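Engineer: The following block contains the structure, expressed as structure tokens.
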Amino acid sequence: MAAPMDCLESLEGEGSVGRRASGVEVALPSNPGAPAPQCPHGPTLLFVKVSQGKEEPRKFYACSACRDRKDCNFFQWEDEKLSEARLAAREIHNQRCQPPLSRAQCIERYLSFIQLPLTQRKFCRSCQQLLLPADWREHGEHQLSADISTTQIARPSQLLYPLENKKTHAQYLFADRSCQFLAGLLATLGFRRVLCVGAPRLHEQIRLTAPGEKPDMRSLLLDIDFRYSQFYLEESFCRYNMFNHHFFDGKAALEVCKAFLQEEEGKGVIMVTDPPFGGLVEPLAVTFKKLIAMWKEGQSQDDSHKELPIFWIFPYFFESRICQFFPSFCMLDYQVDYDNHALYKHGKTGRKQSPVRIFTNIPPNKIILPSEEGYRFCSVCQRYVSRENQHCVHCNSCTSKDGRKWSHCFFCKKCVKPSWIHCNTCNRCALPDHSCLGPKDGCFICGSLDHKRSNCPSIGASQRANNAVRKQKQRKSNKIRREALKDNP
């Protein structure tokens, strides 16, 4: 999954400078033990609006998966009390929003479909559904594809329309080049099982690998797109929301995932995840840590110190945010490309290269990147880097993040993008036409540049001061109201 290019600049801003002065952030609930209310996509997340670095007093619950209320309009204040009637109505609504077919029904239909002769295998493009002969009359006026081959059934991502709603799914799929590289790399590293979280095309590639070509690998796909339910048996697919660790088919699906991770005492498994770029890093990190904990439950005591190998595929400008939650992660130079995105494709140069990278806790010197694509090994950094990523003797590192050659700034004491120049007014490097209003990064509470607002040690004092100001204004307002009532009995 990926985000569209028109969101790239705003995403880069979010990733590179941390949280903005204004926006919406995930918040901690006042009562951590209380379950969050549920929307059709599972447990909701608690959010808080932030304006100029200050949190608004009331927090609210909203959908974890949908960033646009047109897709999921759930909204509830944290302190809001709902009647039994409203809770019952919400439960009915959540049930109505679920797919028309249960997981068991999808499996039954799939087993029937693959037994049909080729001439009777039809797919409704209008409804995005495999059709049995009994369904033909109902879909007679729809756009149909006939003679669905076994190969097509094995590649549902090419049969289904991508869900390109950029605020909900942003479903952009790996290009064959990147997909084949990833599958080959996983096999070279010796993995036997791959947990694909939001990576349907990699899941397909692994399952399509011909026996004998390389060591056999198995894959389990976790994805929120219910349409994949009709193409896989229960041991190959679980409908899953990666933003809240919600298995839509309950305990049975959770046990499938658990067994997959804990097989062979957790050895030989890796998690590969490709979240929507517009998703918040914090809830993703929380979810991935729950999957890691699930994996650790199956380990022997001798292996309790080990980490679950992970490939997290995300834009390079989220590096600091990802490493904040997973300090052992490093970013590889490999540029991941997407098949159905005009700008995230191989062969582009300069600023328009794909910004998508692989973050991993596997030592980078073990990961060989393809030399035919221009990657080379830096003996000093002990990792493969892109062609233009030159080693800086001052930083003692290959510093480029975006595939271009970066320049060292002796004032900032670090390498910066080639389009940036040093501004003496701001005392930092920036674009030539920037506004000299000072850096946007740093803490909006105390002004320090070494942490963000959410980690500020003064946040408690700041909140107390804000509360005191609000109370003072409220007392003044009440006093004016009382005086007005006296004057107008």
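In case you wondered, yes, glycine gets a Cβ from its N, Cα and C as well.
Dumping what Swiss-Prot says about this protein:
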- C39, H41, C63, C72: Zn(2+) 1 binding site (BINDING)
- C124, C127, H139, H142: Zn(2+) 2 binding site (BINDING)
- Q171, Y172, L173, F174, R201, D223, N241, M242, D274: S-adenosyl-L-methionine binding site (BINDING)
- C392, C395, H408, C415: Zn(2+) 4 binding site (BINDING)
- C423, C426, H434, C436: Zn(2+) 6 binding site (BINDING)
- 470-479: compositional bias 'Basic residues' (COMPBIAS)
- 393-443: domain 'DHHC' (DOMAIN)
- 335-355: region 'Regulatory loop' (REGION)
- 467-489: region 'Disordered' (REGION)
- 39-81: zinc finger (ZN_FING)
- 441-458: zinc finger (ZN_FING)
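What's the neighbourhood like for each of these?
Structural biologist: Secondary structure at C63 (Zn(2+) 1 binding site), as computed by DSSP, is coil.
Listed in sequence order, H139, H142 are the same-chain residues at least 6 apart in sequence whose CB falls under 8 Å from the CB of C127 (Zn(2+) 2 binding site).
Under the three-state DSSP scheme, N241 (S-adenosyl-L-methionine binding site) falls in the strand class.
Neighbour density for C392 (Zn(2+) 4 binding site): within 10 A of its CB lie 16 other CB atoms from the protein chains shown.
Taken as a whole, the domain 'DHHC' (393-443) shows an average pLDDT of 88 in this prediction.
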Engineer: Looking only at the domain 'DHHC' (393-443), how are its residues distributed among DSSP helix, strand and coil?
Structural biologist: 0 helix, 14 strand, 37 coil
Engineer: Just give me the nearest neighbour of H41 (Zn(2+) 1 binding site) among the binding-site residues C124, R201, C423, C436, Cα to Cα.
Structural biologist: R201
Engineer: I need the neighbours of the Zn(2+) 2 site defined by C124, C127, H139, H142. Which other residues of that chain put their C-beta within 8 angstroms of the C-beta centroid, in sequence order?
Structural biologist: R125, S126, Q129, L131, D135, E138, Q143, L144
Engineer: So, three-state DSSP: helix, strand or coil for C124 (Zn(2+) 2 binding site)?
Structural biologist: strand
Engineer: Given the binding-site residues C72, C423, C426, state which is nearest to C392 (Zn(2+) 4 binding site) when distance is taken between Cα atoms.
Structural biologist: C423
